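Sequence annotations record features per position, and here TrEMBL assigns domain 'Chitin-binding type-2' to 17-76, 88-146, 151-212.
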Amino acid sequence: MLSLILGLVSVVAGEPVSVCRPTGDRYFIADGAQCDRFHMCDEDGNLAAEFLCQDGLVYEPVSKQCGLPFKIDCLGSGRTLLQEPQAQGNCQRLNGKWAVAGTCDEYIDCMSGVERKVTCQNHLVFDDATGDCEHPDTANRAGCTAEELYGFECPNTVGQARYPAETDCRAFFTCGIFTNYHPRLGGCPVNSVFNPASQACDDPENVPGCENYYSTA
């Protein structure tokens, strides 16, 4: 375990801390104020060493490893301080994910200062809070809402309903309580189209206006 942690940390000098307790074995403990710093205590309860996660990573006390901050609660644990950023290229820190300005589905993924641009698939958008690609109604990013991206707003309906997308016979919007009545884009399998009458995917010949959707003529 120690070797895994040390691969993404550096030993740092800091003020002595009285957080160690004698346990008969060495163990790690999170710093009380800085989320990317942690300590190793020796068998007798003395502070043996202090470590700093690589820039952009924070310490997770349960797994005892450094990771991206999206699923690690620094704020709730009161560990709000971080080391100074080591920006490099488009990486605001050596490790992390950041939305590409002016886009909804692109982000920069940085690992140890090496960056790559990633595009979310299947009409998903990048969520700054989770670091993942999410449905627009879940991500709730300004300028990237489902209504703004699709040009469609859910009618005031009770329960769940589907509505056709005017520009594509295969596409439809689902509106309901599970999306908080924001539209979620869906699509029918190849060789079928959405039938508004049945609220389901159907053969093209059964949907007026979509009979020739797959025609090669």
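We count from 1, first residue shown onward.
Backbone N, Cα and C atoms are what each Cβ position is placed from, and that goes for glycine too.
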Rounded mean pLDDT for the residues that make up the domain 'Chitin-binding type-2' (17-76): 93
Helix-strand-coil residue split for the domain 'Chitin-binding type-2' (151-212), DSSP-based: 6 helix, 19 strand, 37 coil
